Amino acid sequence: MASSATHAAPASRRPPAAVSRGLMHPAAKPLLFALCLLPFGWLFYGALTDGLGANPAEYLIRATGDWTLRFLCLTLAVTPLRVLAGLPALARFRRMLGLFMYFYVVLHLVSYAWFDMGFDVSEIARDIAKRPFILVGFAAFLLLTPLAATSFNRAVKALGAKRWQALHKLVYAVAGLAVLHFFWMRAGKNDFAEVAVYAAILAVLLGWRVLQWAKRKRA
Amino acid sequence: MLIKTNDDGFIHPVPGEITPRAAYQNRRELLRFMASGAAGGTLAAWAGRQALAQQVQRPGKLAPLPGTRSAVAGAVTMEKVTDYKDAASYNNFYEFGTDKADPARNAHTLKTTPWTVEVDGLVKKPAKYAIEDLLKLSAQEERIYRLRCVEGWSMVIPWVGYSLARLIEKVEPLGNAKYVEFITQADRATMPGLRASVLDWPYAEGLRLDEAMHPLTLLAFGMYGEVLPNQNGAPVRLVVPWKYGFKSGKSIVRIRFTEQEPRTAWNKAAANEYGFYSNVNPNVDHPRWSQATERRIGEDGLFAKKRKTLMFNGYEAQVGQLYAGMDLKKNY
């Protein structure tokens, strides 16, 4: 963990103690877990009750992709928020958010393979070769897999904190690939408004890290 | 041969397989007779359902626009008609937004009266038609067409309208007219999608004159026995059933006859992806995805395999000769 002494917010901006206490509450994690499951529950309910519109397959593939991007942003927002808001307690939610990103990307991939490709492996292979945006999305999923696989405490110990951290920096590459995947998917429609929103959020979150890194270099 | 005829067995109705009108009506009357109670309670309920399933139900949302069943070859597919709910809520009409739910949400602002359609260019009798006069120009027919979107989904829609050829005959194209261009409404005040520079507005599409003259090429004013909902291209649109959906312009305001092939909106936006012809062709993939299969909206369940796309969307028997000798890979 970065030393909270150097990064602590000035006293005037320090959040009220109640917020920190709330974040440390034993119910905070189960509550967040339930919140993170809501989109899944809502999609599942929609699929059961024919509530996903005229093209439910497309809806599921898009919605799970959207939620993957949202959880990617949330996960990457934890550290900047923790530092800027002076809320070290936020760190305890990062792993769960990251794993939910993986949960939604798996749903995204399974929806595509199932509803679009009928689990036809040769069709999927042809599609990956034909469509660069599928290839990029698939690459992002592959890069995320070792991160999800080493998310438990014993893995951190086994790898050593340094190596574990280096490995988990792969998430920055995943962010770039995810935006490229979304951009290419929308390229045919020339409609980049939503892509721009995610790209801007991720650029700010990654840009903040670059600034921190530059500051540390200078120091 | 470049035009492959990989017949799937159910693509083309053999004339002998088409139910004669008299037999069809007899059966309908028998069913109605049974449904009226003469054949007893349970059977009547069953027969009533059968009778309903075979005719297009008017949703009762807009003004009625009845059409008599079309006698044009291939104009009435027997496939299950897509739910009106889906056909009127899942639309590509970028003038009202690029999400497929946007048009149904936003198109209420479109003002369809008064409406005029200007027909000009290389014709002997250019004219400006009020929509009321266009509606009366020929008898309204009901045609049940497959609609195949370039994105890989399809619907079956009962349109109401008449062959565009009826209008073309009226204006008498000159000898050097080879193409027809369709310009659609672009009104910033009522169409929020125009604020985004997704396409070069107004939306423009085109056909070769012989394609435009083909009896299947429909000038449509309604669907499901009613006038068109705004999101489906009210008050008048084109429907070219053997081409990808985007070839059929919505809310048309001008039809122009030209000697040169007109530039189309999608061709200007991405020439390598959207050619002038854009005939439905399972053998020619879109540069970024396969066109071999499609998803039938509302009918195939979530877990059903996608269905095979048919050459010329299943209208090969009717339109194949228009492209004899053409390389459809080059003229995509």
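First residue shown is number 1, and so on along the chain.
Glycine is treated like the rest: Cβ placed from N, Cα and C.
Those TrEMBL annotations? Automatic predictions, nothing curated.
Not measured: the values here are computed from a predicted model.
For B:R237 (Mo-molybdopterin binding site), the Cβ neighbour count at a 10 Å cut-off comes to 23, with all displayed protein chains included. Under the heading Mo-molybdopterin binding site, TrEMBL lists B:N91, B:Y94, B:E95, B:C149, B:T184, B:N232, B:R237, B:S248, B:G249, B:K250.
The average pLDDT computed over the domain 'Oxidoreductase molybdopterin-binding' (B:111-266) stands at 97. The domain 'Oxidoreductase molybdopterin-binding' annotation in TrEMBL covers B:111-266.
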Practice task
Specify the count of other C-beta atoms within 10 Å of the C-beta of B:E95 (Mo-molybdopterin binding site).
Solution key: 27
Practice task
Report the largest Cα to Cα distance, in Å and rounded to a whole number, among the residues B:N91, B:Y94, B:E95, B:C149, B:T184, B:N232, B:R237, B:S248, B:G249, B:K250 that the record lists as binding Mo-molybdopterin.
Solution key: 19
Fill in the blank from the handout: With the fewest other Cβ atoms within 10 Å, the residue among the binding-site residues B:N91, B:T184 is B:T184
Problem - Other C-beta atoms that fall within 10 angstroms of the C-beta of B:G249 (Mo-molybdopterin binding site) - result: 27
Practice task
Look up B:G249 (Mo-molybdopterin binding site) in the DSSP assignment and reduce it to helix, strand or coil.
Solution key: coil
